[in-house]
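Visitor: One structure, pasted below without further comment.
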Amino acid sequence: MSRYSAAEIEARWQEAWDKADVFKAVRQEGKPKYYVLEMFPYPSGRIHMGHVRNYTMGDVIARYKLATGHSVLHPMGWDAFGMPAENAAMASGGHPKDWTYGNIATMKDQMKPLGLSIDWSREFATCDPEYYGQQQALFLDFLEAGLVYRKNAVVNWDPVDMTVLANEQVIDGKGWRSGADVERRELTQWFFNISSMAEELLDAIDGLDSWPAKVKLMQQNWIGKSRGLQFAFQRTDGGEIEVYTTRPDTLMGASFVGISPDHPIAKQLEAENPEVADFVAKCRRGGTTEEALEKAEKLGLDSGLKVKHPLNPDWELPVWIANFILMDYGTGAIFGCPAHDQRDLDFCRKYDLPVKDTFFALDNPTPVATEAFVPPKTEKVKWVDHFAGLDEATGQEAIDATIDFAEAQGWGKGVTNFRLRDWGLSRQRYWGCPIPVVHCDTCGVVPEKKENLPVQLPYDEGNGKPIDFSIPGNPLDRHPHWRDVACPKCGAPAKRETDTMDTFVDSSWYYARFTAPRADTPTNMADAEYWMNVDQYIGGIEHAILHLLYSRFFARAMNVTGHLPESAREPFDALFTQGMVTHAIYQSVGDNGRPVYHYPEDVDLRDGKAFLKDGGAEVEIIPSAKMSKSKNNVVDPLNIISSFGADTARWFVLSDSPPERDVEWTASGAEAASKHLSRVWSLSVKIAETDPQGGGEGDEELIRATHKAIFDVTQGVESFGFNAAIAKLYAFTNLLSKSKAGKEAQRFAIMTLAQLMAPMTPHLSEAIWEAQGGEGMIVTAPWPVAEEKYLVEDTVTLPVQVNGKRRAEIQVAKDADKAEVEAMALEMDAVQKALDGGTPKKVIVVPGRIVNVVV
RNA sequence: GCGGACAUGGUGGAAUGGUAGACACCGGAGACUUAAAAUCUCCUGCUCAAUCGAGCGUGCGGGUUCGAGUCCCGCUGUCCGCACCA
């Protein structure tokens with residue numbers, strides 16, 4: 001074969017790998033293991049370029065680790081429960097189960113041609129009863145261990161469809177189907193007690209050395225540990241209101257006490273007072289997201305209640321009900337200090353409440369007007385008549401002093417609080433893992449017996465009657481008989497729980513299940529001991545908080561309940577977050593003034609402009625937009641693979657952009673990748689045909705360059721610098737193609753090149769390896785090692801700067817001493833010219849780096 | 001609104017505080033060809049000089065340093081997350 005044919009090569013080597021079963025993960029005691037995992041996909045029906053990029057990155061690591069002598073686990077599965085399946089059933093009939101398994105089959109067929117080094121024997125979907133049955137077993141163990149409990153929580157309620165809505169189904173405060181104003185409503189729901197582990201989850205972040213700093217910071221902020229003061233305001237009508245504040249030092253600036261509309265006192269007033277009832281109802285309009293609550297107009301109502309200031313019983317403060325106070329955080333009640341909190345200030349200005357400064361900047365005693373004075377807690381400020389006797393002190397010092405003061409006087413205590421809330425897992429939906437409990441009139445909430453697991457989802461309504469998914473609400477709830485069971489405890493007729501679990505539960509332990517995917521318990525200890533932890537986890541930055549935090553919680557909970565070893569409490573040793581694949585949008589304006597989006601294949605590109613193939617009208621190019629079906633800018637990986645091959649697609653998604661950043665898909669970029677691979681193949685053919693007798697020149701230089709390439713590419717792969725590694729491979733290929741070295745050196749170079757490219761372009765590399773007479777398959781060949789003696793250079797080129805501006809360069813021996821280098825630098829004509837008669841004040845010589853002459 | 005990140009030629013991007021623009025795309029010139037495609041060679045930050053060279057230049061404004069794309073402070077813009085999307 002003289003011309004590069006991706007189709008031929010790729011089919012052939014995929015078959016060879018399958019036959020040799022090279023990607024099967026096998027426990028080999030004594031051999032180092034490596035577990036590489038990419039976040040498993042949701043089976044939407046088609047793979048997209050983002051998947052290709054994600055899995056290719058993982059594949060590079062997996063193949064590299066295989067070549068460096070590891071026993072590698074690289075599995076794949078499907079995050080298969082979730083709303084899209086039910087939405088599809090609503091929109092076009094059919095069953096979520098059929099839709100999901102159909103999509104899985106399609107997507108697997110689409111993934112196979114990529115030639116990923118996956119152990120497919122471990123594949124599972126979270127909607128397999130074998131998987132979710134084990135998840136139910138975990139739930140029961142968590143329940144026994146006190147890690148799951150029930151309490152009330154608010155949900156988005158669509159009053160027209162009479163159904164619970166997900167946040168994404170609430171658009172501008174209205175239900176997506178009905179268009180009705182959404183209300184917040186309370187339901188009794190199941191919760192994981194993640195907050196009981198808040199402290200440990202926070203502390204352990206410090207040990208995550210190979211996680212991105214930004215992710216660690218985001219998790220720290222999310223958990224949100226704070227120390228503040230908790231104390232009670234005495235009500236003038238008797239009773240008290242417990243508040244929590246992180247700024248007790250500003251107590252002298254308090255101008256009101258605020259309570260959440262969901263606070264017990266507000267609820268009591270709501271029952272007694274129609275005005276309060278109206279107001280609270282108004283507050284409950286809109287969605288439940290923090291964003292919606294924060295962005296909503298700040299509303300308040302004077303409850304008519306008064307409280308006494310703890311430091312001065314004659315000083316009375318009004319109690320307001322305010323929509324921006326969250327019942328979930330602290331005690332659901334605060335005191336407002338408008339001078340040092342912008343939200344409180346806006347609120348006080350709106351409702352004409354007093355504003356009192358408690359401290360000023362040291363050099364600026366201007367009273368607060370429209371902007372609250374909120375300096376960092378580490379900045380020293382001047383206090384106005386501070387009760388704890390402070391004059392000049394930082395905010396932090398004042399907070400600590402205030403807590404000590406309150407504790408000494410006995411009216412308040414220092415309290416550590418977390419922003420992290422418990423994880424509500426109940427979902428009023430069909431397509432999820434059933435919660436394995438039974439509600440019995442006499443026994444209450446009773447766990448299902450383990451031998452009765454899995455509690456399976458009913459496929460139809462019995463008697464062949466299909467479930468009607470076009471009706472809003474939970475089909476399990478209205479199923480004619482699925483919920484009717486005997487109480488596992490007393491045997492009396494009882495009702496099954498009809499809520500299913502949040503799909504985050506499914507993805508919180510799949511990494512552990514992959515270590516023993518067919519075990520008849522959630523995990524197998526020996527397998528978990530060997531394969532855990534995940535050495536390298538790869539996925540999108542959008543999972544920085546929820547999925548990763550939930551997984552960290554689950555690993556701990558699984559350890560507590562005996563399903564994972566102590567060493568796996570922190571399940572992901574290293575994390576890498578990759579960017580998205582983007583593509584230009586081609587947009588024009590339609591007759592109705594709305595934008596019209598054109599498919600890339602309907603557009604001709606000329607001179608940086610885009611024209612419609614049909615009619616030739618120019619359309620606007622919007623660069624680098626996230627690929628999205630509705631914008632018609634999705635590039636189908638299958639088209640790329642069928643026209644260029646998998647190796648080209650893999651090579652392209654890794655080149656150009658750093659992996660953590662977005663990559664722009666361009667047709668010309670894909671073509672360039674394809675051309676390069678052809679070039680490498682032709683080069684191999686040329687070298688194979690070279691006469692071994694004919695001598696060459698520059699053998700030494702080529703061998704040096706080869707070792708340098710080994711060094712650079714190895715470093716690139718190890719540090720996730722795939723784009724940099726590929727740039728080095730381009731440079732090395734260019735050098736090799738111009739080399740006049742003898743056959744032996746050239747053969748060494750091309751075989752090494754094939755090995756270095758093998759993690760990215762495994763099929764092409766195998767073909768070259770074979771054509772050059774390599775032993776066995778490249779996939780199992782040991783990774784090349786750069787020899788130190790070829791890496792050191794004898795002389796180096798140093799730039800010479802004068803006052804930080806480059807004026808000349810000098811060639812010096814690698815180990816030349818500083819005085820020598822300094823003298824050489826000063827002798828340079830260009831340096832003398834730049835000095836312009838001035839005398840050097842100082843000469844800085846950084847060995848091997850730079851010379852800087854300061855005048 | 002809150003939390004986190006990012007910003008470098010026409011484009012994607014490279015650069016342990018040490019020669020900014022590696023590598024690639026686009027574009028230009030040439031070779032090969034009857035011709036085109038493919039392939040190969042060379043040029044390609046901007047401005048002036050039009051060769052030598054000089055000046056400017058990493059979103060904007062300050063600062064630290066012998067030296068800043070890189071570190072610090074303040075802005076602007078874009079992206080991600082905000083607990084029931086996965």
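Even glycines carry a Cβ here, placed using N, Cα and C.
No curator has checked TrEMBL annotations; they are predicted automatically.
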Visitor: I'm validating the feature mapping. Which of A:41-51, A:283-293, A:459-469 is tagged motif ''HIGH' region' in TrEMBL?
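Guide: From TrEMBL, the annotated motif ''HIGH' region' range turns out to be A:41-51.
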Visitor: For the annotation motif ''KMSKS' region' in TrEMBL, which listed range does it cover: A:261-265, A:271-275, A:426-430, A:626-630?
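Guide: Spelled out, TrEMBL records motif ''KMSKS' region' over residues A:626-630, not the other listed ranges.
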Visitor: What are the DSSP helix, strand and coil residue counts for the motif ''HIGH' region' (A:41-51)?
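Guide: The motif ''HIGH' region' (A:41-51) comes out at 3 helix, 0 strand, 8 coil.
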Visitor: Under a Cβ pair cut-off of under 8 Å, which of the recorded stretches A:36-170, A:220-399, A:420-583 contacts the domain 'Methionyl/Valyl/Leucyl/Isoleucyl-tRNA synthetase anticodon-binding' (A:699-820) most often?
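Guide: Result: A:36-170.
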Visitor: Work out, from DSSP, the number of helix, strand and coil residues along the domain 'Methionyl/Valyl/Leucyl/Isoleucyl-tRNA synthetase anticodon-binding' (A:699-820).
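Guide: Grouping H, G, I as helix and E, B as strand yields 71 helix, 17 strand, 34 coil.
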